[in-house]
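Encoded as structure tokens, the structure appears first; notes follow it.
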Amino acid sequence: MGPLSAPPCTEHIKWKGLLLTALLLNFWNLPTTAQVMIEAQPPKVSEGKDVLLLVHNLPQNLTGYIWYKGQIRDLYHYITSYVVDGQIIIYGPAYSGRETVYSNASLLIQNVTREDAGSYTLHIIKRGDGTRGVTGYFTFTLYLETPKPSISSSNLNPREAMETVILTCNPETPDASYLWWMNGQSLPMTHRMQLSETNRTLFLFGVTKYTAGPYECEIWNSGSASRSDPVTLNLLHGPDLPRIFPSVTSYYSGENLDLSCFANSNPPAQYSWTINGKFQLSGQKLFIPQITPKHNGLYACSARNSATGEESSTSLTIRVIAPPGLGTFAFNNPT
């Protein structure tokens, strides 16, 4: 068997991305000393680039060969053929204008698109006894390298336990499968989750802090896989019951009263203070210098979340007493 002739102009092809996986099939009644093989150059090619299907170990004394799109060898799937005698190239209905067949049976596909993914069949015809040719078939499958996916969300800011969120893995990729990850692990399905039939869409019912993410999606096929960047839902919640610091309730007359209020909330809560039911100020802190018994009373802090519309409050009873040694008179008659 003579050496394989190199296809012309292959040195000008720039390679990247799209994976081709070859499934070798035995040739029917085709006696050869070596198995005909096909090599994808490059092994990976991205959409818009070129790929060469380089054929090795061609038998001698060939009449010609035909390339088909798919595994059905009919006129509709006929791409192109090469007739050895006369070096004639014939194009069929499946020819897109981007395919070039060479004298060594190799096929160049330029500007690869997603429609190019799938099976291809090479039909080799060997000279027989002058009346019949001996044929053989070689089929391989071309897989598009999966693009890096991204996650879109129907609502990135859901209210806790109240709203449903729909996450979608993009783009929609033919002949690909979808996987989901949460917190870096395979998705732990719960009664609050549901996947679409294709697994491309994830439904989250009544999102809680345990199901807020981060989420990742992965697109994979038999040739490659790619995972998205993580997406974490900004869960709107609260406010929880506020806490007043310090929780001291007794003060000496003349001390400063310096109170702070905090409630767990997203977004951060808005605070207001009342003393004995009367509004005092807005803000997280309440400061009164040199308090006296007239400042005795019920100090209440209210926290409100404008995003959830929820409000919560807590209170503290403050009692101001005379400093040690001044006695009851000083307490009842402050100066």
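Using the three backbone atoms N, Cα and C, a Cβ is placed for every residue, glycine included.
Listed in Swiss-Prot as the disulfide partner of CYS217, from the options CYS169, CYS261, is CYS169. As annotated in Swiss-Prot, N-linked glycosylation site applies, among ASN111, ASN199, to ASN111.
Annotation in Swiss-Prot places CYS261 in a disulphide bond whose other cysteine, of CYS9, CYS301, is CYS301. Within 10 Å of its Cβ, the residue among the glycosylation sites ASN104, ASN111 with the fewest other Cβ atoms is ASN111. Packing around CYS301 (disulfide bond) is summarised by its Cβ count: 25 other Cβ atoms lie within 10 angstroms of its Cβ, all protein chains included.
Between ASN111 (N-linked glycosylation site) and CYS169 (disulfide bond), the C-alpha separation comes to 26 Å.
The DSSP breakdown of the domain 'Ig-like C2-type 2' (242-317) into helical (H, G, I), extended (E, B) and coil residues amounts to 3 helix, 45 strand, 28 coil.
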